[in-house]
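Scroll down for the structure; my scribbles are underneath it.
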Amino acid sequence: MAAETASAAARHGLSHQEVWIGRTGLSFGVERVLFQERSPYQEVAVLQTDAFGRLLTLDGVVMLTEHDEFVYHEMIAHPALAARGDAKRVLIIGGGDGGTAREVLRHGSVETLDLVEIDGLVVEAAKRFFPHLSSSFADPRLKLHLADGVAFVRDAPPETYDLIIVDSTDPIGIAEGLFTRDFYTDCVAALHHRGLLVVQSESPFDPTQAHVVREVRRLFEALLPCARTYLACIPTYPLGLWSFTVGAKTPMTLEEPAAAPPFAHELRYYTPAVHRAAFALPAFVTHLLES
Ligand code: SAM
């Protein structure tokens, strides 16, 4: 597939950006490099692609495209918020592009949102090139902290948040600590007794990362009385099918929205029916979780 796309891109006079898993690649036709800079943490790049609009990469890994970002951002935010119904105090770890914050702030119940991003350059790039995501930074309920999420949560006062969302990069380098038992233990301590924790937990199709889906679920089960895995289809994340893990400090039904969100007509992926369906796991994912 990568080779075919590369030659098609060359025919149209485009260069291309490739993302590899083993020797399997996903390739984007690139019209222009809009931004490329190295921060102390990673290389941040914004590329104009031919088919997916603007593409944000960190160290060459796809973070989002304009064309399909709505899937990830709606699905990391709305299932937990809709299941709980009345979350007031929310914390996002990572998420420096502002997309998850945009979705969280649609909920009228949310009074304060702390967003903890380690890399100010991601926020800067999002403000310049992805205004439909980063407009969330102008909301007075949002407070941006440029800090390491691991330390922030370790130091957070207990029983503070109704919802913590971990919108992180893959579990390597700066994000490695966001996938550990210690970090999740600190998250649980920072949650209100009816609080929820939701994290992006990688792709069950990716042979190099599928174990993360299982390990995150096991850690949630060890630390929280109720934990579930759910899925969404994200075309530009390698291998397409993405997992999220959600848990609650008090047993509750996570698979069912308390009510349809009043802004449902503004959404492009999440619906109450999609919420329920996302928790129905294909057999191979159930086997992965049980293995
Ligand atoms: N949707 C993306 C994905 O799964 O590919 C992730 C979004 S990206 C904006 C995640 C953000 O997490 C990055 O901007 C990165 O800088 C940030 N991040 C990584 N490790 C972090 C840490 N330890 N503390 C806070 N933010 C972190």
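Cβ coordinates come from backbone N, Cα and C, glycine included.
Where the annotation comes from TrEMBL, it is an automatic prediction and has not been curated.
The active site, proton acceptor feature in TrEMBL is assigned to ASP167. Residues or ranges marked as S-methyl-5'-thioadenosine binding site by TrEMBL: GLN42, GLU117, ASP148, GLY149. As annotated by TrEMBL, spermidine binding site applies to HIS73, ASP97, ASP167, SER168, THR169, ASP170. What TrEMBL records for 18-249 is domain 'PABS'.
Of all the binding-site residues in the list GLN42, GLU117, ASP148, the shortest Cα-Cα distance to SER168 (spermidine binding site) is found for GLU117.
Rounded to the nearest whole angstrom, the C-alpha distance between GLN42 (S-methyl-5'-thioadenosine binding site) and THR169 (spermidine binding site) is 11.
Residues ASP167, taken from the recorded positions HIS73, ASP167, ASP170, are distinguished by a CB atom under 6 angstroms from ligand 1.
Annotation: no binding-site residues among HIS73, THR169, ASP170 have CA atoms within 10 angstroms of the CA of GLU117 (S-methyl-5'-thioadenosine binding site).
Most Cβ neighbours within 10 Å among the recorded positions ASP167, ASP170: this distinction goes to ASP167.
DSSP classifies GLU117 (S-methyl-5'-thioadenosine binding site) as strand under the three-state reduction. Taking a C-beta cut-off of under 8 Å and a sequence gap of six or more, ASP97 (spermidine binding site) has these contacts in its own chain: LEU56, MET63, LEU64, VAL122, VAL123, ALA126, PHE130, LEU133, SER134.
Between the two most distant C-alpha atoms of the annotated spermidine binders (HIS73, ASP97, ASP167, SER168, THR169, ASP170) there are 16 Å.
The Cβ centroid of GLN42, GLU117, ASP148, GLY149 marks the S-methyl-5'-thioadenosine site; residues of that chain outside this set whose Cβ lies within 8 Å of it are TYR41, ILE93, GLY94, GLY96, VAL116, ILE118, ASP119, ALA147, SER168, ILE174, ALA175, given in sequence order. It is 14 Å from the Cα atom of ASP170 (spermidine binding site) to that of GLY149 (S-methyl-5'-thioadenosine binding site).
For HIS73 (spermidine binding site), the spatially nearest entry among the recorded positions ASP148, GLY149, ASP167 is ASP167, judged by CA separation. Cα spacing between ASP167 (active site, proton acceptor) and GLY149 (S-methyl-5'-thioadenosine binding site): 10 Å, rounded to the nearest whole number.
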